[in-house]
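Record features, source TrEMBL:
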TRANSMEM  12-39  transmembrane segment
TRANSMEM  51-70  transmembrane segment
TRANSMEM  90-112  transmembrane segment
TRANSMEM  119-147  transmembrane segment
TRANSMEM  159-177  transmembrane segment
TRANSMEM  189-211  transmembrane segment
TRANSMEM  217-238  transmembrane segment
Amino acid sequence: MLLGELGVFASYAFAPLSLIVPLSAVSVIASAIIGIIFIKEKWKPKDFLRRYVLSFVGCGLAIVGTYLLVTFAPNSHEKMTGENITRHLVSWHFLLYMLVEIILFCLLLYFYKEKNANNIIVILLLVALLGSMTVVTVKAVAGMLVLSIQGNLQLDYPIFYVMFVCMVATAVYQAAFLSQASQMYDSSLIASVGYILSTTVAITAGAIFYLDFIGEDALHICMFALGCLIAFLGVFLITRNRKKAISFEPYISMDAMPDEGAG
C-alpha cells in the first residue's frame, strides 16, 4: 500500500490532475478480480448471475471508461514551479471557486453537525470537497519536489510549505469524515458514491486551478466526460454486488436486563 500510494503521489508530477483522479477506478477493478480469485467465497448458483456476472460487466465498463479517459484526457501539463503555482492560486477563477467551495462546505458542515443530517451524500460531499483540495495540493507538492530533485530547486518558495500544510490538513480531515461515514454506512456504498462525488469535484477543481482543458476541442471534452460516466457506472456495478458486512449483535439486549432497583 505504501509503494502504491508513493507511486500515485509521484504520478501527479507527470500528468494532468484530470487524468490521474478518475484512474482510481483501476484499483476497484483490481480488488474485484483479486477478491474473486483469491478469497474464493462460497456462492450458490442462484447468486452467481446477481453477484459475479454483474461484477464482470462492471469491470468491463470500468475498463472501457478508463480507455476513453486515457485516450481523450487533456494533454496540457506545465512545470510545477513556484511562480506557476502562485499565479494559479491568485487567479480570479480559482478564488471564485474557493469562495463557492468554502460556502458550500460550511453549509454542509452546519447541517451535518447542528441538524444531524447524516445522509451519505452530505458526508461524502464533505469528503469530496476536502479531497479536491488534497489532490490540487498533492500535485503542487509532488511537482515541486520532482523539479527540485532534477536540479531546479523549488523548496525555497513559501508556496511549497503552504501547499504542504494544506495537503496534510485536508487529508487528515478527509480521513476523519470517511471514518464517520464507515460507522454508519456499508463500505461498498461508500466506495461507489465516494468515487463518483470525489472524482467529479476533483476534476472540476483541477480544471479550474491547473486549466487542464484549456485548448481542448469539444469532441475530446465530451468523450472524456463519457469515459467518466462509463467508469462511474462500472464502479457502481462492481461495488453494489459485494457482500455487506454483518453487524455484530449482542446475545443479550441491554434493554432486556432487569432493573437493579426493581423489587
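Each residue, glycine too, has its Cβ placed from N, Cα and C.
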**Prompt:** Under a criterion of three or more Cβ pairs within a distance under 8 Å and sequence separation of at least 6, are the transmembrane segment (119-147) and the transmembrane segment (217-238) in contact?
**Reply:** no
Residues outside the transmembrane segment (51-70) whose C-beta sits under 8 Å from one of its C-beta atoms, at least 6 past its ends, are 19, 22-23, 25-26, 28-29, 32-33, 36, 43, 223-224, 226-241
